[in-house]
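Have a look at the structure below, then the notes.
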Amino acid sequence: MSPKTETKASVGFKAGVKDYRLTYYTPEYQTKDTDILAAFRVTPQPGVPPEEAGAAVAAESSTGTWTTVWTDGLTSLDRYKGRCYDIEPVPGEETQFIAYVAYPLDLFEEGSVTNLFTSIVGNVFGFKALRALRLEDLRIPPSYSKTFQGPPHGIQVERDKLNKYGRPLLGCTIKPKLGLSAKNYGRAVYECLRGGLDFTKDDENVNSQPFMRWRDRFVFCAEALNKAQAETGEIKGHYLNATAGTCEEMMKRAIFARELGVPIVMHDYLTGGFTANTSLAHYCRDNGLLLHIHRAMHAVIDRQRNHGMHFRVLAKALRMSGGDHIHAGTVVGKLEGERDVTLGFVDLLRDDFIEKDRSRGIYFTQDWVSMPGVLPVASGGIHVWHMPALTEIFGDDSVLQFGGGTLGHPWGNAPGAVANRVALEACVQARNEGRDLAREGNEVIREACKWSPELAAACEIWKEIKFEFDVIDRL
């Protein structure tokens with residue numbers, strides 16, 4: 001290159017490495033109604049100031065890189081950069097703090113959770129200057145949430161489709177989760193639905209394995225629910241898992257489910273991916289299918305307190321991507337879930353407007369501007385003795401799902417379903433009469449046992465079953 005045309009480092013911009021905080025830490029910034037706001041729990045490496053660590057998060061999740069580049073001069077960084085606008089300590093943690101970051105809306109593609117997460121929870125989580133990083137919450141402005149379809153139908157439309165009101169819905173995951181033939185699987189579905197459940201469910205890892213191919217399962221399950229509907233006079237459903245190795249195969253399964261006339265399909269939204277999930281949600285709305293969502297893999301992402309992403313963020317992402325149900329823990333069962341934290345993200349799933357409430361882990365006020373709500377599903381290690389607590393904790397707009405708590409009944413699947421239905425209706429009646437389920441719940445169940453031998457047998461077999469471990473994710 002001739003000396004006349006050689007680009008000098010001193011011409012046009014000043015090369016080198018600058019502290020992130022000089023550009024991306026802006027405590028004077030006033031957030032806009034259109035900004036996407038994030039609350040990160042940051043654990044910097046020793047010697048890294050909080051302001052520099054917070055600014056690094058803002059930079060690396062938006063426009064920044066490790067050095068100054070000449071193409072910075074071709075755009076407006078002030079318009080597009082993320083900004084760390086506040087830092088606060090974490091009580092009881094000397095090495096951690098909460099960094100609040102504001103992102104301008106133009107950084108993100110409309111209607112794409114995939115693009116949103118690629119920026120905000122992308123490479124920045126491997127940044128060497130940070131020992132750990134956790135995304136605690138996101139504020140999604142109406143100007144962005146309105147670019148999403150959201151749930152295919154929502155809570156009220158689902159109740160209208162099922163013609164079921166005034167109580168939680170009852171479900172059951174078919175067990176053993178793997179190994180049954182399609183015909184035996186369909187038989188278990190029929191027995192549970194005939195006994196009084198509203199739904200049965202494929203487990204998350206039931207896809208199309210050698211022992212039971214998906215098409216055979218779909219056909220036998222459709223036959224089972226049609227037979228149960230005819231006998232009970234109630235609308236029934238089975239969550240047919242459409243999750244597959246490719247989006248094309250997933251859609252093929254959803255289309256076949258619709259052709260069978262079933263009311264609901266299922267997807268593993270984290271292992272399947274947000275792009276696939278959003279596509280399936282759009283298909284379900286267009287074709288009248290409800291969509292049940294399983295959160296398999298969530299604990300890999302959300303269980304550790306100092307690194308990853310809290311489930312409340314995954315819950316918001318699912319509401320935008322689309323789903324009518326999602327598993328949300330139980331508080332009282334075998335899976336992780338502290339009560340206040342769980343109820344915080346349950347409200348974020350169901351309600352239209354949720355106020356900031358740090359006592360429940362909600363860092364920002366969230367306005368969903370009439371986006372349909374999602375039914376939380378309580379599932380995992382629950383049985384009839386848990387029914388009063390579940391009814392009191394989750395209320396009517398929920399699905400209470402008993403797998404082993406139905407199929408483990410000593411008299412069989414149908415009596416197990418009867419026991420759960422009787423226990424639920426007893427709890428709902430007691431609550432409606434003004435009784436305190438938190439205090440009188442066990443007595444309500446014992447009274448119901450007097451006129452339901454199925455419930456009495458269930459109470460006897462599970463009277464000693466408890467899962468008493470401290471939760472990891474506390475506020």
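Any Cβ shown, glycine's included, is placed from N, Cα and C.
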Annotated companion of N123, T173, K177, R295, S379 at the substrate site, Swiss-Prot, chosen from H238, H327: H327
Protein Cβ atoms within 10 Å of D203 (Mg(2+) binding site), excluding its own: 18
Residue pair K177 (substrate binding site), D203 (Mg(2+) binding site) - Cα distance, angstrom, rounded: 6
Least buried by Cβ count (within 10 Å) of the binding-site residues K201, H327: H327
Fewest Cβ neighbours within 10 Å, where candidates are the binding-site residues N123, T173, S379: N123
Pairwise C-alpha maximum, in angstrom, for the residues (N123, T173, K177, R295, H327, S379) that bind substrate according to the record: 37
Residue from N123, K175, S379 whose C-alpha is spatially nearest that of H294 (active site, proton acceptor), among the recorded positions: S379
K175, K177, H294, R295 as recorded positions, winner by CB count within 10 A: H294
